Amino acid sequence: MNEDNARFCLLAGLILLYLLCGAAIFSALEHPFELRARLLWKQQLDNFTRRYRVNLGALHTLLRQYEEANGAGIRVDTLRPRWDFSGAFYFVGTVVSTIGFGMTTPATIAGKIFLIFYGLIGCAATILFFNLFLERIITMLAYIMRWCHERRLRCAGVGAMASREESSGEEDSLEGWKPSVYYVMLILGVASIVIACSASTLYSSMENWSYVDSLYFCFVAFSTIGFGDLVSSQRQQYESQEAYRFGNCLFILMGVCCIYSLFNVISIIIKQTLNWILGKMVCSGKHQPKRMKRNAVQPVSSHRPAGKHRYTGGSVESVCGSETDGGAVAEVYVGRRMSGEMISVNEFMVSNKVSLALLQKQLSETAHQGPRQSYGHQNGFSGGVGALAIMNNRLQETSVDR
């Protein structure tokens, strides 16, 4: 089994284990409440039929009819119209963003057929938008981190310490600085928390939800899970209604973009963790070489020593005998690239199968002189991130093989 398949199987096994643990925890937390709710409903139904002498079968028929009306947007409390222009615009927004709350659904055959084709194009375009947003947010964060580093160096008086820095390998100099992907994850996480807390303050006051329920709604909406148990902007009238609906759409748009970007960065860190686990599994039965300093990656010579690295599809993978945690960018040399040429920084944009080091190298190059053109543009296939990047990379590999 090659390394890609081994990583895929390991990830599938870990996800299955994660699902089993989650199912056990949620079952322990929620199942007792479900049993109590069913018992309470049965008692209320029995009390109602005895008090008003209503036939239980006729009552069940009425309740089923109400469930059908509920699916068409009819509620006991007065709510906003579902299919006027503003309601339809809210619906198509949940469709193309893949949130899909489920509060509003097409009831006609023509509407259901149109939704299939409309969602096919709209969801694809929105995913492309999220990918392009991710590229730009990474570029912006790289420039911001560079500016902060330059300011810190000026405040520390780097010019007066130039000779000392030169002798120490310019450890704190601007040229030797490398932005860390962990800072990107931290910034995106803080931004997501700020947006969620601000939106929760708005929702708790406008929707009369508790603050915890508002935070819960923000995560469900921003992550595009979209359960539909809580949905904002559904009542018929609000104070400052137009301003609230605009703020609601703005918060959801910003939240979805930030959470999508955060998920992509976290997925890269998860992949690095899988690489580390696989490296430990491969090396467990072998003689362990001398441990290297953290963040240091051995150059690969022609005979590929035990602490070797392999270049596959735009990623650098530590196979055995060395450790990288991504705290600083490792200078990795591959194959015959012994002249000092480092791997292209923009290979992060070519494939989602990148290591933590390549993401940090992209951040570094963007901060210093802007991104270079990647080999991913060869053969007509352009780079990107996410699923689009995986497809482009596979198409390019196939084209090169031919």
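Glycine is treated like the rest: Cβ placed from N, Cα and C.
Same-chain neighbours of the transmembrane segment (6-29): 270-271, 274-275, 277-278, counting only residues six or more beyond its ends whose CB sits under 8 Å from a CB of the stretch. What TrEMBL records for 6-29 (among others) is transmembrane segment.
Marked as domain 'Potassium channel' by TrEMBL: 80-137 (among others).
What TrEMBL records for 88-109 (among others) is transmembrane segment.
Under the heading transmembrane segment, TrEMBL lists 115-144 (among others).
Annotation comment: TrEMBL describes 181-202 (among others) as transmembrane segment.
Among the features that TrEMBL reports, domain 'Potassium channel' is placed at 193-270 (among others). This prediction places the mean pLDDT of the domain 'Potassium channel' (193-270) at 92.
The transmembrane segment annotation in TrEMBL covers 214-231 (among others). Sequence-distant neighbours of the transmembrane segment (214-231) (same chain, 6+ residues past either end, Cβ-Cβ under 8 Å): 94, 97-103, 192, 195-197, 199-201, 203-204, 207, 251-252, 255-256, 258-259, 263.
Residues or ranges marked as transmembrane segment in TrEMBL: 243-263 (among others).
Per TrEMBL, the feature region 'Disordered' maps to 293-312.
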